[in-house]
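Visitor: Checked Swiss-Prot, it gives:
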- V21, D42, K47, Y72, G86, A87, A125, A126, N127, S150: NAD(+) binding site (BINDING)
- Q89, R95, N127, P128, V129, D130, D155, S156, A157, R158, T236: substrate binding site (BINDING)
- R160, H175: beta-D-fructose 1,6-bisphosphate binding site (BINDING)
- H182: active site, proton acceptor (ACT_SITE)
- Y227: phosphotyrosine (MOD_RES)
Amino acid sequence: MTAAAGNKDHQKVILVGDGAVGSSYAFALVTQNIAQEVGIIDINVPKTEGDALDLSHALAFTSPKKIYAATYDDCHDADLVVLTAGAPQKPGETRLDLVHKNLKINKEIVTTIVDSGFNGIFLVAANPVDILTYSTWKFSGFPKERVIGSGTSLDSARFRQAIAELVDVDARNVHAYILGEHGDTEFPVWSHANVAGLQIYEWVKNNPDVDEEAMVNLFFNVRDAAYTIIEKKGATFYGIAVALARITKAILNDENSVLPLSVYLEGEYGQNDIYIGAPAIINRQGVKQVIEIPLTDAEQEKMEASASALKEVIETAFAKFEAEEAK
C-alpha cells in the first residue's frame with residue numbers, strides 16, 4: 001500500500017520549491033482547507049521559515065493545520081510531494097529552453113526524496129513540465145501512475161475562461177480541453193468543446209451575437225497567455241497554484257476526478273513512452289485511467305506533432321545530460 005493510500009484522516013503534503021508558484025500553492029492549501037500537514041522545502045531556509053510562520057497566522061480564519069519549514073527526511077511519510085523547484089522562465093524564453101538547466105536540479109531533488117523512503121505520489125509543476133515529469137518518473141523508478149504533471153490543466157482553465165467571457169456564461173459550465181505539450185505545441189480540442197452540453201459550434205450558431213472571428217483567434221491568446229503575463233509581471237503563479245490545489249484535492253480526497261494532466265501514454269493517442277497533456281481520472285492511487293477522447297484528423301496530427309517535439313527535446317536533453325554525468 002502506498003503512503004497515498006494510507007491514513008485518510010491525516011493528509012500530508014510536502015512542497016519542494018518556495019518561489020512564487022510554491023508559496024502561492026501553499027497559500028491555496030491553507031485558504032482551501034486542503035491537507036492537515038504541509039511541509040515546505042527550499043534552499044532558502046529562512047524564506048521557508050518565514051512563509052510557514054506567515055501562513056500559520058491565517059489558520060485561525062481557516063482550519064487547523066501543521067505548517068513548517070521541512071527537510072527531505074520529512075518526505076518519508078508524505079502522501080504527496082509537489083515539485084515546483086527549478087530555474088525560472090525568463091522573458092522571451094520558451095519552457096523547452098529550460099530543460100537543460102532543470103534536469104540536473106530535478107535529479108538531485110527526486111533521488112533525495114526517494115532515499116528518504118517516500119512512497120506516495122509525485123506531482124510535478126516545474127517547467128518544462130512534461131519533460132520534468134518524465135525525468136521524475138525515470139529518476140524515481142516509481143510506477144507511472146504515481147508520477148503526475150500539472151500538464152495542460154491551467155491551459156484548459158484559461159481556454160474555458162476565455163470561451164466563457166466570449167459567450168457570457170459561467171466558466172464552470174464550459175467544458176473544453178487543451179491537450180499536448182504544456183507550451184508552444186499545445187492545441188485546442190474544439191471538436192469536444194461545449195457549453196452546458198451544447199457543442200461550441202452549435203452554441204455560436206444559436207447565438208449570432210457571438211463574435212466568430214474572436215472565437216477563432218481565442219486559442220492563440222490562451223496559448224500565449226504565460227508569455228503575456230511574464231512580460232507584464234515577470235512570472236505566472238496564481239493560476240498554476242490554484243490548479244495544483246485542485247489536483248491535490250482530487251488526489252487526497254480520492255475523487256476520481258477527470259483533469260487534463262501530464263500523464264504517461266502507452267498507446268493512447270498513438271503515443272508511447274512519453275508524458276504529455278491528456279485527460280485522466282485521478283484519485284488516491286494517482287492516475288486511475290487515461291481517457292482517450294476521439295480526435296479529428298487535424299487534432300490527431302497536432303497531438304502527433306506536439307509529441308514529436310517533446311520527444312526530440314527529451315532525447316537530445318537526456319543524451320547531453322547522460323554524457324555530462326559520465327564525465
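Cβ from N, Cα, C; glycine included.
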Visitor: Of the recorded positions V21, A125, R160, H182, Y227, which one has its Cα closest to the Cα of Q89 (substrate binding site)?
Guide: Y227
Visitor: How far is it from H175 (beta-D-fructose 1,6-bisphosphate binding site) to A157 (substrate binding site), counting Cα to Cα, in Å?
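Guide: H175 (beta-D-fructose 1,6-bisphosphate binding site) to A157 (substrate binding site), Cα-Cα distance: 9 Å.
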Visitor: Whole-number Å only: compute the distance from the Cα of V129 (substrate binding site) to the Cα of V21 (NAD(+) binding site).
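Guide: Cα-Cα distance, V129 (substrate binding site) to V21 (NAD(+) binding site): 13 Å.
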Visitor: These are the binding-site residues: Q89, N127, T236. Which one scores highest on other Cβ atoms within 10 Å?
Guide: N127
Visitor: Give the distance between the Cα atoms of G86 (NAD(+) binding site) and T236 (substrate binding site), rounded to the nearest whole Å.
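Guide: On Cα coordinates alone, these residues lie 14 Å apart.
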Visitor: The residue listed as 'phosphotyrosine': which of the binding-site residues K47, A157, R160, T236 have a C-alpha within 10 angstroms of it?
Guide: T236
